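K.L.:
This is the structure I have questions about; it appears just below.
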Amino acid sequence: YMMLALGMGSYRSALFHLITHAYSKALLFLGSGSVIHSMETVVGYSPAKSQNMGLMGGLRKHIPITKITFLLGTLSLCGIPPLACFWSKDEILNDSWLYSPVFAIIAWATAGLTAFYMFRIYLLTFEGHLNVHFQNYGGKQQNPFYSISLWGKKGIKKNSCLLTNESTYFFSKTKYPIDENGRKMTRPFMTIAHFEHKAIYSYPHES
């Protein structure tokens, strides 16, 4: 849009959209950082996992403030009135129609594509259910007992042992009891019974 406005000689519209687009994208980048940070409480530090939208979903229940701000940034970038990008996009669309109807049609189609991919990002991230507890890293459906632990897939047994009130094993078979105060520090973990086992799950949350 900015390059289109510059090409038509509409410098005021180009500068206006540069500013509104920058603020909207900045809000979305901040929201993305919050989402990634919250996902790391589930999958650990792993960009390939914490930034995988296939493992997200349903985050609006766990990070509601981020959901609201991300939705506002999405609506603004899509040009929904009365948010900022609506006014700058509307001015560019008006100038493009006066300059050439062909440019106006291209600009309208581009606006539609922007709305499509932005709402796709929002829906995959914040709506539905949290897919991380129902998929392994290969994307296959699996038993919830073997879902992703805080330390990664290979650490599920270690994680389950560490957060129970029985005992833990570190490099030897010596038992180290976990007191009640230590167990209270494991928030926001949730114990889910499955058959005869108990698995420990961590849910995303806003810090």
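Residue positions begin at 1 at the first shown residue.
Note that Cβ sites are derived from N, Cα and C of the backbone, with glycine treated the same way.
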K.L.:
Examine the ranges 5-24, 65-84 and name the one recorded by TrEMBL as transmembrane segment.
P.N.:
65-84
K.L.:
Could you give the residue numbers and ranges of same-chain residues that sit at least 6 residues beyond the transmembrane segment (65-84) on either side and whose C-beta is under 8 angstroms from one of its C-beta atoms?
P.N.:
20-21, 23-25, 27-28, 30-32, 34-35, 38, 59, 90, 111, 114-115, 118-119, 121-122, 125-126, 206
K.L.:
I'd like the per-state residue tally for the domain 'NADH:quinone oxidoreductase/Mrp antiporter transmembrane' (1-113) from DSSP, helix first, then strand, then coil.
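P.N.:
Summed by class, the stretch gives 93 helix, 0 strand, 20 coil.
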